[in-house]
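Here's the structure we're looking at; comments come further down.
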Amino acid sequence: MDFQNRAGSKPGAGALMSHSESNVARRERLRKLALETIDIESDPYFMRNHLGSYECKLCLTLHNNEGSYLSHTQGKKHQANLARRAALDAKENDNSGPARATAAAPRVKKNVVKIGRPGYKVTKIRDPGSRQFGLLFEVTYPEVTDETKPRHRFMSAYEQHVEPPNRQYQYLLFAAEPYETVAFKVQSREVDMRPGKFWSHWDMDTRKFTLQFFFRNPTRSYAATGANAAGAVGHSHINPLNPYLAPPQA
């Protein structure tokens, strides 16, 4: 075979490369050149998956090696998506001016699957010194995460829509995701918020939330008024089983 007179051939160089072989060689040269000039790890759309392949998060394409991904980044599809993303970012920046900043941000609703009600224990307590009546709540949340801390609040009878409103009662709510919010119906009396009377504690080891509070004692001014007006007769109207109950009207 005459290799000397063939176009593009040199003696001892063998036959010419086919079209597919030349494409492989060209892609290999481009890959080596790109790896020398481009830091592929800094590409925000470059990702290695668990199978060892490479993905483009912008175009949602899959590639077998880095060279294939680099060739994709120079293609028409990737460049068009980059231009579209730049236009969207510019539009968002233009709309985030002072007029838009004053508007209320939309509230993001989280879809949390509720797993049921937590376990709880309620204990009636009384302060031996002040004779105040109180309650001790122990609510257990064994499935909450380390970042979650239970919350609580008092709610009036007119805020809820489960029962007919009754001003003689109020509700104490406990909430912690992914558990359902539980509410306890208690007397509508003033709670003593002084230190030592009202306190709460979240135990991360046992996953138990504890809350204790005492009600303020009602005033006894009516007893003193009755004693000044009728002497010892005024004290005869006080109920010994419930001294804080108002006396009957004369």
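Glycine too: its Cβ is placed from the backbone N, Cα and C atoms.
Marked as domain 'Matrin-type' by TrEMBL: 54-84. Panel annotation: around the domain 'Matrin-type' (54-84), residues 27-28, 30-31, 34-35, 38, 40, 43-48 of the same chain, lying at least six beyond its termini, place a Cβ under 8 Å from a Cβ of the stretch.
Positions annotated as region 'Disordered' by TrEMBL: 1-22.
In the domain 'Matrin-type' (54-84), the DSSP tally of helix, strand and coil residues is 17 helix, 6 strand, 8 coil.
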